[in-house]
Amino acid sequence: MKYYLCAILAIFFWSSSVIATKIAYASITPILLCLIRFAISSVLMMMVFLFRKNRVHIAKQDLKPVLVSAILGISVYYALENAALAMTSASDASLIEAAFPALTALVGLVVYRERPSKRMLAGIAASIIGVAVLTQFDPAQSSSLLGDLLLLFDGCLWGFYNYETKSISHKYDSFTLTMYQCAIGTVFFVPMLALEKPVLTNITPAFILTLLYLSTACSLGALLLYNYGLKGMKASTAAVIMNLMPIFGVLLSWGILHETITRRKLIGGAIILLGVWISTTRDKAA
């Protein structure tokens with residue numbers, strides 16, 4: 001149960017990052033924000049790492065999964081997500097993110113030869129239906145096809161992150177693994193700055209606090225919790241728990257932005273929770 005709770009708390013932090021990021025965008029461009037955000041996280045983790053008595057370094061044979069998970073799951077993932085959200089609607093994004101578990105299962109089936117159980121498939125289906133209800137998705141009103149495709153590709157990248165991290169999570173503690181991923185991901189954000197014109201203006205106390213929150217809770221804390229959660233569950237199961245993001249997003253929007261929670265959103269949220277419960281509950285025969 002503790003592994004599921006850690007993963008859920010990580011999802012909560014990632015959900016809150018949407019609001020924090022909107023505040024930060026008033027002062028900074030997307031990729032530059034990613035670079036500074038993960039640079040702060042990396043520096044903080046390295047400082048703690050230096051004072052640890054039992055420091056563990058990544059073995060040479062494990063460098064490949066660390067590099068793949070860091071580059072695809074942090075650098076490319078966040079860069080594409082920022083680009084996609086600038087081109088597509090929020091409803092499109094929410095529904096496509098609900099498909100991430102299915103894409104993770106697809107990556108597992110095609111690349112890692114892992115077959116999802118019937119219960120897992122049922123949970124994925126219920127979660128996707130729930131998010132469709134929650135967002136009132138209407139295919140006729142779909143916006144940029146390119147943005148949608150980028151988000152779908154992002155889902156595949158998240159699948160690789162899950163499986164590559166899972167493959168070595170039993171060898172290293174969550175802190176060490178997350179530190180290496182953050183550091184490598186930060187380095188690869190640098191060449192990505194060529195994709196935009198970096199801007200940093202209007203530095204206010206609110207911006208500084210927002211940046212610190214994104215760096216500590218949403219990047220550092222969330223990754224630590226999520227990687228720890230992966231130790232006790234399948235990568236595909238962890239991905240299904242990500243469908244809690246729309247629920248947390250609605251609640252945070254209501255509490256912070258004072259948006260109205262409709263009956264449709266409540267019903268959609270309940271279906272999503274049902275899907276998460278189905279996928280995270282073991283079969284009786286297991």
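Glycine residues also receive a Cβ, built from the backbone N, Cα and C atoms like all the rest.
The domain 'EamA' annotation in TrEMBL covers 2-135 (among others).
Taken from TrEMBL, the feature transmembrane segment covers 30-51 (among others). Nonlocal intrachain contacts for the transmembrane segment (30-51), taken as residues 6+ away from its ends with a CB within less than 8 angstroms of a stretch CB, comprise 21, 24, 74, 78-79, 82-83, 86, 175-176, 178-179, 182-183, 185-186, 189-190, 192-193, 195-196, 198-200, 211-212, 214-216, 218-220, 223.
The transmembrane segment annotation in TrEMBL covers 63-80 (among others).
Look at TrEMBL and you will find 92-112 (among others) tagged as transmembrane segment.
Taken from TrEMBL, the feature transmembrane segment applies to 119-137 (among others).
Annotation source TrEMBL lists domain 'EamA' at 146-280 (among others). Counted with DSSP, the domain 'EamA' (146-280) comes out as 111 helix, 1 strand, 23 coil.
Annotated transmembrane segment per TrEMBL: 175-194 (among others), in sequence order.
Taken from TrEMBL, the feature transmembrane segment covers 206-226 (among others).
Feature annotation from TrEMBL assigns transmembrane segment to 238-257 (among others). If one looks beyond the transmembrane segment (238-257) by at least 6 residues along the same chain, the residues whose Cβ comes under 8 Å of a Cβ in the stretch are 4, 7-8, 11-12, 14-16, 18-19, 94, 97-98, 100-101, 104-105, 120, 123-124, 127, 130-131, 134-135, 158-159, 162, 226, 229-230, 265, 268-269, 272-273, 275-276, 279-280.
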Positions on the same chain near the transmembrane segment (175-194), where near means CB under 8 A and six or more residues out: 31-32, 34-35, 38-39, 41-42, 45-46, 48-49, 55-58, 66-67, 69-71, 73-76, 79, 165, 168-169, 219-220, 223-224, 227
